[in-house]
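The structure appears right after this line, and notes come after that.
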Amino acid sequence: MEGVAPAASLFRPRASARSPVLLAADSGAARRRPGADGRSAVRKHGSTGVAPRRSGITRVPKLGPAVSTKRAGRRKDPLINLEVSHHRAVAAVRLLRIEKGKAFVDLLNEKANDSGDNEMGYVERTLGFSTRYLEDRDIRLVTVIVAGTVRWKRYLDYLIMSLCSEEKVFREMEPLLLQILRIGFFEILKLDVPAYATVDENVRLAKVALRPGAGNMVNAILRKLLLLKEKNSLPLPKIEGDDRAQARALSIIYSHPVWMVRRWIRFHGKDEALRLMNWNNSDPRFSLRVNTSKGYTRADLVKRLESLQVHYEESVMDEFVRIREGMQAVLQAGLLKDGMCAVQDESAGKLYSYFLITKPCLVVSVVDPQPGDTIIDCCAAPGGKTLFMASRLSRQGKIRALDVNKGRLRILMDAAKQHNLDDMITDIHADLQLYAKETTAKYDKVLLDAPCSGLGVLSKRADLRWNRQFEDLEELMCLQDELLDSASTLVKPGGILIYSTCSIDPEENEKRITTFVQRHPEFAIQSVRGYVPTEFVTDEGFYSSNPIKHSMDGAFAARLVRSMH
């Protein structure tokens, strides 16, 4: 995903958007399309018995070798509709799938994975037509619009409902129409998109994908929004009343769940809670970690970025550089595929292998892998911290990568091979609690990067805020305690246990360590001072990164040493 909103020029409609053309193919295949009266009509492509609604009906042109024909459940030549905005149609369908829990916000766009193909398949099955194959420019627009629309969903929905004739209209609105309105509102309020293009293209999409009446509704509501925006009179709630009422208003204005707002105000105070929500709503920055195990240096990576004209800044960590935009250029140049670098966060070490989410990298500094160490990563897959630790062992030592998910372990081992580290890593497909009961193995260092709420990475995980409930925290804390107890049995006398999360919640972090040490007096807290820069060391000796203080994802880590007896 790009780190900045695209320029307005990217949103200018193409010439074809002004000259509607339907490209048909595959004679004998029946497809649905809007009829003149707005109702669905079925036409057999290639049939002479039904006159086309507009001229320009022809066969789909060959798309070239870059476009795979392995489209599950689709005809070889789909019906392509050039009348609608391609990226908006794909964005609307992706938003529908996210709402149903069947898609991630990030658009996986490495062509080798046929992800673009799959995306077109979803569009065709949902809308009854397809768009042309997504180009890199379109992919960028889809990811920007989808991530932004998901982030601002609560805010957008409040405004949409306010501008409907009555609340019932909003409550009963069909899902696709709501997604189209959300896209339009997001473009008008949060992106520098020409107003005429936003209204025109979203109205056309609603008419073609649904019916003329839906387009008329989109037109009326978007124009009403434009008028209110020009007058600076958007109908937003006032921040007044008791704490609960103020939290509700802030949750709408900053588009976060009420329970998160109340919790952050409780732990951090109102001002820092507001800064945190602003951070979560901003375009994320990504860090690239150079693959030193293949002999590359940061200077090598910087030279490549400069040749690609990708702007960067160097990190406090020697292996990292940060970028806000230019991810498409990095991907297309093959820097990830060739193993020169990985997209990985510096704080928790989360690895974005475009864009599969795994976890560390300052956390790895807390582990402090040394040549000759035996290390087990207890929740390893798909392997960000595992690979980084292995790269620091100077080919001396062993790492066991344990995870309950076999498929994600396979991804880890594939990445290890790509980074020339597979001879140092052994995968263990097992449940940690069962493995700890059955094994007699003991390790110098045990890393438990525990399942957590992810409240420190909400800027990159746009949908996570809506997928977490307050009740989840209680369940997660119980699980974290159980996993800590199991992981502790794997530590050698005198060995080290490292507990980490990508959360900023003290009850998932400091409190879990406090209660663990009370249960296990054989472990003592060891300060992380000397392992990470001083600004990340808390008074209690823990590692903590905060988005507001450090301009990076939030994460936590504790180092615990086991007594010799």
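Using the three backbone atoms N, Cα and C, a Cβ is placed for every residue, glycine included.
What TrEMBL records for 23-74 is region 'Disordered'.
Look at TrEMBL and you will find 276-563 tagged as domain 'SAM-dependent MTase RsmB/NOP-type'.
Take the CB of A381 (S-adenosyl-L-methionine binding site) and look out to 10 A: across all protein chains shown you find 26 other CB atoms. According to TrEMBL, the S-adenosyl-L-methionine binding site annotation covers C379, A380, A381, P382, G383, G384, K385, D403, D431, D449.
Marked as active site, nucleophile by TrEMBL: C502.
The highest number of surrounding Cβ atoms within 10 Å, among the binding-site residues C379, G383, D431, is found at G383.
For K385 (S-adenosyl-L-methionine binding site), the Cβ neighbour count at a 10 Å cut-off comes to 30, with all displayed protein chains included. Each residue contributes its Cα atom, and for D431 (S-adenosyl-L-methionine binding site) and C502 (active site, nucleophile) those atoms are 21 Å apart. Rounded to a whole number, the C-alpha distance linking C502 (active site, nucleophile) with K385 (S-adenosyl-L-methionine binding site) is 13 angstrom.
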